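> Straight out of TrEMBL:
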- 24-324: domain 'Plant heme peroxidase family profile' (DOMAIN)
- HIS65: active site, proton acceptor (ACT_SITE)
- ASP66, VAL69, GLY71, ASP73, SER75, GLU87: Ca(2+) 1 binding site (BINDING)
- PRO160: substrate binding site (BINDING)
- THR191, ASP245, THR247, ASP252: Ca(2+) 2 binding site (BINDING)
Amino acid sequence: MLRLSHEFIFFVFAILVAQTKAKQLDSHYYEQTCPHVERIIRDVVHKATLSDTKVPPRILRMFFHDCFVRGCDASVLLDSTDDNLAEKDGPPNISLRAYYVIDKAKAKLEKACPQTVSCADIIAIAARDVVNLAGGPYWNVLKGRKDGKTSRANETLDLPTPSFNATKLIKLFSKKGLGIKDLVTLSGAHTLGFSHCSSFKSRIHRFDDNFDMDPSMDIMFANTLKQKCASKHNRDNNNSGYYLDSTSSVFDNEYYKRLVARKGVLATDQALYNDYRTKFLVESYARYEALFFVEFAASMVKLGNLGVNDHHHGEVREKCRFVN
Ligand code: HEM
(Lines of atoms letter the chains of each structure in order from A and count residues from 1; the text may use other names and numbers.)
(Lines give C-alpha, C1' and ligand atoms only; values in the text may rest on other atoms or scores of the structure.)
Protein backbone atom coordinates (compact mmCIF):
# COMPACT_ATOMS: atom_id res chain seq x y z
CA MET A 1 0.00 0.00 0.00
CA LEU A 2 2.81 2.36 1.03
CA ARG A 3 4.68 1.48 -2.19
CA LEU A 4 1.59 2.26 -4.21
CA SER A 5 1.17 5.68 -2.66
CA HIS A 6 4.82 6.52 -3.35
CA GLU A 7 4.26 5.60 -6.96
CA PHE A 8 1.13 7.71 -7.02
CA ILE A 9 2.96 10.73 -5.58
CA PHE A 10 5.73 10.27 -8.13
CA PHE A 11 3.16 10.07 -10.91
CA VAL A 12 1.43 13.30 -9.82
CA PHE A 13 4.83 14.99 -9.47
CA ALA A 14 5.83 13.91 -13.00
CA ILE A 15 2.62 15.40 -14.40
CA LEU A 16 3.22 18.66 -12.54
CA VAL A 17 6.78 18.88 -13.87
CA ALA A 18 5.57 18.22 -17.41
CA GLN A 19 2.88 20.90 -17.07
CA THR A 20 5.35 23.44 -15.66
CA LYS A 21 7.66 22.79 -18.60
CA ALA A 22 4.83 23.23 -21.11
CA LYS A 23 3.79 26.43 -19.33
CA GLN A 24 7.15 28.05 -19.98
CA LEU A 25 5.94 28.94 -23.47
CA ASP A 26 3.12 31.36 -24.03
CA SER A 27 1.64 32.94 -27.15
CA HIS A 28 1.44 36.34 -25.33
CA TYR A 29 4.98 36.15 -23.97
CA TYR A 30 6.19 39.46 -25.48
CA GLU A 31 2.88 41.31 -25.23
CA GLN A 32 4.23 43.82 -22.69
CA THR A 33 7.94 43.73 -23.52
CA CYS A 34 7.95 43.70 -27.33
CA PRO A 35 4.42 44.12 -28.65
CA HIS A 36 5.40 44.36 -32.34
CA VAL A 37 7.68 41.34 -32.39
CA GLU A 38 5.55 39.33 -34.81
CA ARG A 39 5.05 42.19 -37.26
CA ILE A 40 8.76 43.00 -37.31
CA ILE A 41 9.74 39.40 -38.05
CA ARG A 42 7.04 38.94 -40.69
CA ASP A 43 8.15 42.09 -42.53
CA VAL A 44 11.76 40.94 -42.67
CA VAL A 45 10.79 37.43 -43.80
CA HIS A 46 8.40 38.78 -46.43
CA LYS A 47 10.98 41.15 -47.91
CA ALA A 48 13.68 38.48 -47.92
CA THR A 49 11.31 36.07 -49.70
CA LEU A 50 10.54 38.63 -52.39
CA SER A 51 14.22 38.94 -53.22
CA ASP A 52 15.09 35.23 -52.88
CA THR A 53 12.54 32.43 -53.32
CA LYS A 54 14.88 29.97 -51.59
CA VAL A 55 14.38 31.72 -48.26
CA PRO A 56 11.07 30.05 -47.21
CA PRO A 57 12.20 26.40 -47.54
CA ARG A 58 15.52 27.18 -45.91
CA ILE A 59 13.91 28.82 -42.89
CA LEU A 60 11.35 26.05 -42.47
CA ARG A 61 14.11 23.44 -42.58
CA MET A 62 16.22 25.53 -40.19
CA PHE A 63 13.47 25.31 -37.56
CA PHE A 64 13.39 21.51 -37.86
CA HIS A 65 17.17 21.22 -37.70
CA ASP A 66 17.33 23.56 -34.71
CA CYS A 67 14.65 21.74 -32.72
CA PHE A 68 15.94 18.21 -33.42
CA VAL A 69 19.43 18.97 -32.14
CA ARG A 70 19.56 20.06 -28.45
CA GLY A 71 15.97 21.33 -28.70
CA CYS A 72 14.67 24.63 -30.07
CA ASP A 73 17.50 26.76 -28.65
CA ALA A 74 18.94 28.46 -31.77
CA SER A 75 22.07 26.31 -31.45
CA VAL A 76 21.92 26.05 -35.25
CA LEU A 77 22.67 29.77 -35.50
CA LEU A 78 25.93 29.87 -33.55
CA ASP A 79 29.09 30.36 -35.60
CA SER A 80 32.02 27.96 -35.36
CA THR A 81 35.02 29.19 -33.38
CA ASP A 82 38.74 28.28 -33.50
CA ASP A 83 38.21 25.40 -31.10
CA ASN A 84 34.64 24.36 -31.91
CA LEU A 85 32.92 23.30 -35.11
CA ALA A 86 29.28 24.38 -34.71
CA GLU A 87 26.06 22.74 -35.97
CA LYS A 88 25.81 25.05 -38.96
CA ASP A 89 29.02 23.50 -40.29
CA GLY A 90 27.72 19.94 -39.85
CA PRO A 91 26.96 18.22 -43.22
CA PRO A 92 23.13 18.41 -43.12
CA ASN A 93 23.22 22.15 -42.45
CA ILE A 94 25.56 23.25 -45.22
CA SER A 95 22.61 24.06 -47.49
CA LEU A 96 20.52 25.95 -44.89
CA ARG A 97 22.16 29.28 -45.67
CA ALA A 98 19.29 31.72 -44.83
CA TYR A 99 20.87 32.72 -41.51
CA TYR A 100 21.16 36.31 -42.68
CA VAL A 101 17.36 36.66 -42.58
CA ILE A 102 17.30 35.79 -38.87
CA ASP A 103 20.22 38.21 -38.30
CA LYS A 104 18.22 41.01 -39.96
CA ALA A 105 15.15 40.34 -37.86
CA LYS A 106 17.29 40.20 -34.73
CA ALA A 107 18.97 43.54 -35.53
CA LYS A 108 15.57 45.20 -35.91
CA LEU A 109 14.28 43.63 -32.72
CA GLU A 110 17.35 44.73 -30.76
CA LYS A 111 16.53 48.31 -31.78
CA ALA A 112 12.82 48.02 -30.96
CA CYS A 113 13.18 46.06 -27.71
CA PRO A 114 16.80 45.37 -26.68
CA GLN A 115 17.79 42.03 -25.14
CA THR A 116 14.24 40.76 -25.09
CA VAL A 117 13.44 38.41 -27.97
CA SER A 118 15.40 35.15 -28.18
CA CYS A 119 16.86 33.89 -31.45
CA ALA A 120 15.07 30.58 -30.87
CA ASP A 121 11.71 32.40 -30.85
CA ILE A 122 12.66 34.32 -34.01
CA ILE A 123 13.23 31.04 -35.88
CA ALA A 124 9.91 29.64 -34.62
CA ILE A 125 7.95 32.74 -35.70
CA ALA A 126 9.78 32.98 -39.05
CA ALA A 127 9.02 29.30 -39.77
CA ARG A 128 5.30 29.92 -39.20
CA ASP A 129 5.45 33.01 -41.40
CA VAL A 130 7.12 31.33 -44.37
CA VAL A 131 4.47 28.61 -44.31
CA ASN A 132 1.63 31.08 -44.07
CA LEU A 133 3.02 33.48 -46.69
CA ALA A 134 3.35 30.54 -49.10
CA GLY A 135 -0.37 29.78 -48.76
CA GLY A 136 -0.21 27.41 -45.78
CA PRO A 137 -1.89 27.55 -42.38
CA TYR A 138 -1.43 30.17 -39.65
CA TRP A 139 -1.02 29.23 -35.99
CA ASN A 140 -0.22 31.02 -32.75
CA VAL A 141 3.47 30.53 -32.04
CA LEU A 142 4.20 29.87 -28.38
CA LYS A 143 7.13 32.00 -27.22
CA GLY A 144 9.54 32.33 -24.33
CA ARG A 145 12.36 29.98 -25.44
CA LYS A 146 15.84 30.94 -24.33
CA ASP A 147 18.94 30.57 -26.48
CA GLY A 148 21.47 27.83 -25.77
CA LYS A 149 25.19 28.33 -25.35
CA THR A 150 26.48 25.16 -27.00
CA SER A 151 26.54 24.00 -30.60
CA ARG A 152 28.46 20.99 -31.90
CA ALA A 153 28.67 19.89 -35.52
CA ASN A 154 28.86 16.19 -34.61
CA GLU A 155 25.42 16.38 -32.97
CA THR A 156 23.83 17.00 -36.38
CA LEU A 157 24.17 13.22 -36.75
CA ASP A 158 20.94 13.24 -34.69
CA LEU A 159 19.09 14.39 -37.80
CA PRO A 160 17.40 11.84 -40.06
CA THR A 161 19.18 11.02 -43.30
CA PRO A 162 17.39 10.39 -46.61
CA SER A 163 18.40 6.73 -46.51
CA PHE A 164 16.33 5.96 -43.37
CA ASN A 165 13.49 3.46 -43.77
CA ALA A 166 10.07 4.01 -42.15
CA THR A 167 11.04 2.08 -39.01
CA LYS A 168 14.11 4.23 -38.43
CA LEU A 169 12.14 7.43 -39.03
CA ILE A 170 9.39 6.36 -36.63
CA LYS A 171 11.97 5.41 -33.97
CA LEU A 172 13.87 8.67 -34.25
CA PHE A 173 10.73 10.80 -34.07
CA SER A 174 9.43 8.82 -31.11
CA LYS A 175 12.75 9.39 -29.30
CA LYS A 176 11.91 13.09 -29.55
CA GLY A 177 8.37 12.54 -28.28
CA LEU A 178 6.81 12.84 -31.73
CA GLY A 179 4.41 10.21 -33.06
CA ILE A 180 3.80 8.62 -36.43
CA LYS A 181 1.25 11.31 -37.27
CA ASP A 182 3.82 14.04 -36.55
CA LEU A 183 6.34 12.28 -38.79
CA VAL A 184 3.99 12.07 -41.76
CA THR A 185 2.59 15.54 -41.17
CA LEU A 186 5.89 17.36 -40.69
CA SER A 187 7.35 15.62 -43.73
CA GLY A 188 4.73 17.63 -45.62
CA ALA A 189 7.19 20.53 -45.20
CA HIS A 190 8.73 19.03 -48.34
CA THR A 191 5.91 20.74 -50.21
CA LEU A 192 8.46 23.59 -50.29
CA GLY A 193 11.96 23.47 -51.64
CA PHE A 194 14.61 21.53 -53.40
CA SER A 195 16.91 18.54 -52.99
CA HIS A 196 20.43 18.16 -54.30
CA CYS A 197 21.21 15.04 -56.35
CA SER A 198 23.45 13.77 -53.56
CA SER A 199 20.35 13.29 -51.37
CA PHE A 200 18.63 10.87 -53.78
CA LYS A 201 21.32 9.58 -56.15
CA SER A 202 21.34 6.11 -54.56
CA ARG A 203 17.72 5.71 -55.80
CA ILE A 204 18.52 6.33 -59.46
CA HIS A 205 21.89 4.73 -59.91
CA ARG A 206 22.95 1.21 -58.87
CA PHE A 207 20.01 0.93 -56.47
CA ASP A 208 20.70 -2.73 -55.57
CA ASP A 209 21.85 -6.02 -57.11
CA ASN A 210 18.61 -6.38 -59.09
CA PHE A 211 17.63 -2.84 -60.00
CA ASP A 212 19.49 0.19 -61.27
CA MET A 213 16.62 2.45 -60.15
CA ASP A 214 14.39 2.20 -57.09
CA PRO A 215 11.42 0.07 -58.28
CA SER A 216 9.06 1.91 -55.92
CA MET A 217 9.42 4.99 -58.15
CA ASP A 218 7.33 5.89 -61.14
CA ILE A 219 9.61 4.90 -64.03
CA MET A 220 9.17 8.13 -66.02
CA PHE A 221 9.88 10.18 -62.94
CA ALA A 222 12.96 8.11 -62.12
CA ASN A 223 14.22 8.79 -65.65
CA THR A 224 13.65 12.52 -65.20
CA LEU A 225 15.67 12.51 -61.99
CA LYS A 226 18.36 10.46 -63.65
CA GLN A 227 18.61 12.93 -66.51
CA LYS A 228 18.87 15.78 -64.01
CA CYS A 229 21.69 14.15 -62.09
CA ALA A 230 23.50 11.55 -64.16
CA SER A 231 24.76 13.51 -67.15
CA LYS A 232 28.43 14.38 -66.93
CA HIS A 233 27.66 18.11 -66.90
CA ASN A 234 25.25 17.78 -63.98
CA ARG A 235 27.42 15.29 -62.10
CA ASP A 236 30.17 17.88 -62.05
CA ASN A 237 27.74 20.54 -60.88
CA ASN A 238 27.20 20.16 -57.15
CA ASN A 239 24.12 22.36 -57.29
CA SER A 240 22.11 20.01 -59.49
CA GLY A 241 18.97 18.52 -58.08
CA TYR A 242 15.20 18.54 -58.28
CA TYR A 243 12.26 20.22 -56.57
CA LEU A 244 10.74 18.15 -53.78
CA ASP A 245 7.27 18.93 -55.13
CA SER A 246 5.87 20.16 -58.47
CA THR A 247 4.52 23.34 -56.79
CA SER A 248 7.61 23.92 -54.71
CA SER A 249 7.00 27.53 -53.75
CA VAL A 250 3.38 26.97 -52.70
CA PHE A 251 2.48 25.34 -49.41
CA ASP A 252 -0.18 22.83 -50.42
CA ASN A 253 -0.88 19.06 -50.31
CA GLU A 254 0.68 18.34 -53.70
CA TYR A 255 3.59 16.58 -51.94
CA TYR A 256 1.24 13.82 -50.72
CA LYS A 257 -0.44 13.49 -54.12
CA ARG A 258 2.97 12.89 -55.60
CA LEU A 259 3.79 10.22 -53.05
CA VAL A 260 0.59 8.42 -54.03
CA ALA A 261 1.69 8.73 -57.67
CA ARG A 262 5.09 7.24 -56.64
CA LYS A 263 6.86 10.50 -57.49
CA GLY A 264 8.49 11.24 -54.14
CA VAL A 265 12.03 12.57 -54.53
CA LEU A 266 13.64 11.32 -51.33
CA ALA A 267 13.55 7.65 -50.33
CA THR A 268 12.27 8.79 -46.92
CA ASP A 269 9.35 10.58 -48.56
CA GLN A 270 8.32 7.60 -50.66
CA ALA A 271 8.77 5.28 -47.67
CA LEU A 272 5.81 7.03 -46.01
CA TYR A 273 3.53 5.79 -48.76
CA ASN A 274 5.10 2.36 -48.98
CA ASP A 275 4.79 1.53 -45.27
CA TYR A 276 1.48 0.22 -43.89
CA ARG A 277 1.82 2.33 -40.70
CA THR A 278 1.95 5.63 -42.56
CA LYS A 279 0.21 5.01 -45.89
CA PHE A 280 -3.33 5.89 -44.76
CA LEU A 281 -2.16 9.28 -43.47
CA VAL A 282 -0.45 10.05 -46.78
CA GLU A 283 -3.67 9.12 -48.58
CA SER A 284 -5.80 11.23 -46.24
CA TYR A 285 -3.63 14.31 -46.67
CA ALA A 286 -3.53 13.78 -50.46
CA ARG A 287 -7.32 13.87 -50.42
CA TYR A 288 -8.02 16.52 -47.77
CA GLU A 289 -5.73 19.53 -47.85
CA ALA A 290 -7.61 21.23 -44.99
CA LEU A 291 -6.88 18.24 -42.75
CA PHE A 292 -3.18 18.44 -43.61
CA PHE A 293 -3.16 22.17 -42.75
CA VAL A 294 -4.80 21.69 -39.34
CA GLU A 295 -2.48 18.82 -38.44
CA PHE A 296 0.61 20.59 -39.76
CA ALA A 297 -0.04 23.57 -37.49
CA ALA A 298 -0.50 21.24 -34.49
CA SER A 299 2.68 19.25 -35.22
CA MET A 300 4.72 22.44 -35.69
CA VAL A 301 3.65 23.59 -32.22
CA LYS A 302 4.78 20.21 -30.86
CA LEU A 303 8.09 20.45 -32.72
CA GLY A 304 8.56 23.91 -31.24
CA ASN A 305 8.23 22.53 -27.71
CA LEU A 306 11.23 20.21 -28.01
CA GLY A 307 13.93 20.70 -25.39
CA VAL A 308 12.99 24.27 -24.60
CA ASN A 309 15.42 26.19 -22.35
CA ASP A 310 14.19 28.36 -19.52
CA HIS A 311 16.08 31.38 -18.20
CA HIS A 312 18.12 29.18 -15.83
CA HIS A 313 19.60 27.25 -18.74
CA GLY A 314 19.71 29.79 -21.51
CA GLU A 315 19.95 33.46 -22.39
CA VAL A 316 18.67 35.99 -24.91
CA ARG A 317 21.59 36.44 -27.27
CA GLU A 318 22.37 39.96 -28.44
CA LYS A 319 23.56 38.57 -31.76
CA CYS A 320 22.27 35.21 -32.93
CA ARG A 321 25.70 34.06 -34.15
CA PHE A 322 27.46 34.44 -30.78
CA VAL A 323 26.81 33.64 -27.15
CA ASN A 324 26.72 36.80 -25.00
C1 HEM B 1 11.39 12.96 -41.90
C2 HEM B 1 12.66 13.07 -42.02
C3 HEM B 1 13.34 14.06 -42.94
C4 HEM B 1 14.38 13.79 -43.76
C5 HEM B 1 15.10 12.47 -43.91
C6 HEM B 1 14.68 15.01 -44.46
C7 HEM B 1 15.71 15.13 -45.37
C8 HEM B 1 15.85 16.20 -46.23
C9 HEM B 1 16.80 16.27 -47.31
C10 HEM B 1 17.84 15.20 -47.63
C11 HEM B 1 16.59 17.43 -47.96
C12 HEM B 1 17.34 17.92 -49.20
C13 HEM B 1 18.58 18.66 -48.75
C14 HEM B 1 19.47 19.01 -49.92
O15 HEM B 1 19.73 18.14 -50.75
O16 HEM B 1 19.93 20.17 -49.96
C17 HEM B 1 15.52 18.11 -47.29
C18 HEM B 1 15.01 19.32 -47.67
C19 HEM B 1 14.07 20.01 -46.95
N20 HEM B 1 13.52 19.63 -45.74
FE21 HEM B 1 13.63 17.80 -44.92
N22 HEM B 1 13.81 15.98 -44.08
C23 HEM B 1 12.98 15.45 -43.13
C24 HEM B 1 11.99 16.13 -42.45
C25 HEM B 1 11.76 17.48 -42.55
C26 HEM B 1 10.96 18.26 -41.66
C27 HEM B 1 10.25 17.70 -40.43
C28 HEM B 1 10.97 19.54 -42.11
C29 HEM B 1 10.31 20.78 -41.54
C30 HEM B 1 9.33 20.77 -40.67
C31 HEM B 1 11.77 19.55 -43.32
C32 HEM B 1 11.95 20.63 -44.16
C33 HEM B 1 12.65 20.59 -45.34
C34 HEM B 1 12.59 21.63 -46.35
C35 HEM B 1 11.67 22.85 -46.34
C36 HEM B 1 13.49 21.26 -47.36
C37 HEM B 1 13.85 22.05 -48.64
C38 HEM B 1 15.13 22.83 -48.35
C39 HEM B 1 15.59 23.77 -49.45
O40 HEM B 1 14.94 23.91 -50.48
O41 HEM B 1 16.65 24.41 -49.26
N42 HEM B 1 12.27 18.30 -43.53
N43 HEM B 1 15.08 17.35 -46.23
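Using N, Cα and C of the backbone, Cβ positions are placed for all residues, glycine too.
Note that TrEMBL annotation is computational and uncurated.
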> Select, from SER75, PRO160, ASP245, each of the binding-site residues with a Cβ positioned under 6 A from at least one atom of ligand 1; if none does, say none.
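Close enough to ligand 1 are PRO160.
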> Could you please provide the mean pLDDT value for the domain 'Plant heme peroxidase family profile' (24-324)?
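Value for the domain 'Plant heme peroxidase family profile' (24-324), mean pLDDT as a whole number: 95.
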> What is the nearest of the binding-site residues THR191, ASP245, THR247, ASP252 to VAL69 (Ca(2+) 1 binding site), using the Cα of each?
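Closest by Cα distance to VAL69 (Ca(2+) 1 binding site) among the binding-site residues THR191, ASP245, THR247, ASP252: THR191.
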> Given the Ca(2+) 2 site residues THR191, ASP245, THR247, ASP252, which other residues of that chain have a Cβ within 8 Å of the mean position of their Cβ atoms, reported in sequence order?
LEU192, SER246, SER248, VAL250, PHE251, ASN253, GLU254, TYR255
> Taking Cα atoms as reference points, which of the binding-site residues THR191, ASP245, THR247, ASP252 is nearest to ASP66 (Ca(2+) 1 binding site)?
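Among THR191, ASP245, THR247, ASP252, THR191.
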> Would you mind reading off the Cα separation of SER75 (Ca(2+) 1 binding site) from THR247 (Ca(2+) 2 binding site), to the nearest angstrom?
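About 31 Å separate the Cα atoms of these two residues.
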> Taking the mean position of the Cβ atoms of ASP66, VAL69, GLY71, ASP73, SER75, GLU87 as the Ca(2+) 1 site, which residues outside that list, in the same chain, have a Cβ no more than 8 Å away, listed in sequence order?
HIS65, CYS67, PHE68, ARG70, CYS72, ALA74, VAL76, GLY148, SER151, GLU155, GLY307
> Have a look at the binding-site residues GLY71, ASP73, GLU87, PRO160 and say which one has the shortest Cα distance to THR191 (Ca(2+) 2 binding site).
PRO160
> Reported as an integer number of Å, what is the Cα distance between GLY71 (Ca(2+) 1 binding site) and the residue listed as 'active site, proton acceptor'?
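Answer for this pair: 9 Å between alpha carbons.
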> Hey, what's the Cβ neighbour count for ASP66 (Ca(2+) 1 binding site) at 10 Å?
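By my count, 31.
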> Report the same-chain neighbours of THR247 (Ca(2+) 2 binding site): residues 6+ apart in sequence with Cβ closer than 8 Å to its Cβ, ordered by sequence.
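Same-chain residues close to THR247 (Ca(2+) 2 binding site) (Cβ under 8 Å, separated by 6 or more) are THR191, GLU254.
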> If you run the three-state DSSP split on THR247 (Ca(2+) 2 binding site), which class comes out?
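Coil, per DSSP.
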> Near GLU87 (Ca(2+) 1 binding site) in space, meaning Cα within 10 angstroms, which of the binding-site residues do we find among PRO160, ASP245, ASP252?
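Of everything listed, nothing lies within 10 Å of GLU87 (Ca(2+) 1 binding site) (Cα to Cα).
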